[in-house]
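See below for the structure under consideration.
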């Protein structure tokens, strides 16, 4: 008869092995398809070279995927008779982009691997990293082994994606609900150092905010009128195609484009971190990489959960 102590020890060892077997690892594809990551990098670099803005778009896809029931590629699914696509959610509609590049990556990876072995969720995670690097930012070891969901939820996306109008307490709570802390909030918001935003998103701030630099607001109003021009674009900072610390330097000067941007430097508990990042690029880069890894670990499907999609836009 097995003693209670030995039984507990065997159970613990089994659970440890199971956790190891189904945990994410940077080396997940090393034996299965070592050509996979170089293939993703080639397509991302070509896409970003063609259009610098695409780097920010691919980074955002990973973010918006992970925040809705985990990093499972659900954002990529088109609507079916069973569910409405997350692409139609308030924070995504006419905003998230880069799906054609994801399709190109998927086709190339499946070609070099000889079959579909790399999940769409993992493609988003790697493409986000490679996009940041392509725009001069830091690198980090992406943990891999995610599998793809077989469903999506517009309703959940509407409820959990952070809004551009959120104040600091709402942002902190939003990230806390994802298992992320204030340092993650500030570091990941630094992703806005690349890319552009639409007038309809920041109009209220440039016309009504009291914590906005006057010259900055006037400059933004030139291309974002009170009515019309909803899709007119403006950069988050002066260098939208370079992954640097200009975003944080802007916040210190009250030149944040979105309400949720300036909320990070508005006399609250994140002020000191914003100031640190504005002065110390190395600190920002290190924390950004760590926070991207933490975000990438949100509720992944592993092992036999989910599937490896043949087409990222639909279930097998």
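Heads up, residue numbers simply count up from 1 along the chain you see.
Glycine too: its Cβ is placed from the backbone N, Cα and C atoms.
Record features, source TrEMBL:
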ACT_SITE  64  active site, proton acceptor
BINDING   65, 68, 70, 72, 74, 86  Ca(2+) 1 binding site
BINDING   162  substrate binding site
BINDING   192  heme b binding site
BINDING   193, 237, 244  Ca(2+) 2 binding site
DISULFID  33-113  disulfide bond
DISULFID  66-71  disulfide bond
DISULFID  120-312  disulfide bond
DISULFID  199-224  disulfide bond
DOMAIN    23-316  domain 'Plant heme peroxidase family profile'
SIGNAL    1-23  signal peptide
SITE      60  site 'Transition state stabilizer'
> Near residue 66 (disulfide bond), which residues of its chain come within a Cβ-Cβ distance under 8 Å, counting only those 6 or more away in sequence?
Replying inline: 178, 295, 296, 298
> Out of 72, 74, 237, the binding-site residues in the record, which is closest to residue 113 (disulfide bond) when you go by Cα distance?
Replying inline: 72
> Taking Cα atoms as reference points, which of the recorded positions 33, 70, 199 is nearest to residue 312 (disulfide bond)?
Replying inline: 70
> Do any residues at least six apart in sequence from residue 68 (Ca(2+) 1 binding site), in the same chain, have a Cβ closer than 8 Å to its Cβ, and if so which, in order?
Replying inline: 74, 75, 86, 89, 152, 153, 156, 157, 160, 161
>> What whole-number Å value do you get for the CA-CA distance of the residue listed as 'substrate binding site' and residue 70 (Ca(2+) 1 binding site)?
In response: 14
> Should any of the recorded positions 33, 192, 193, 224, 237, 244 have a Cα within 10 Å of the Cα of residue 72 (Ca(2+) 1 binding site), which are they?
Replying inline: none
> Relative to the Cα of residue 64 (active site, proton acceptor), which of the recorded positions 120, 192, 199, 224, 237, 244 have a Cα no more than 10 Å away?
Replying inline: none
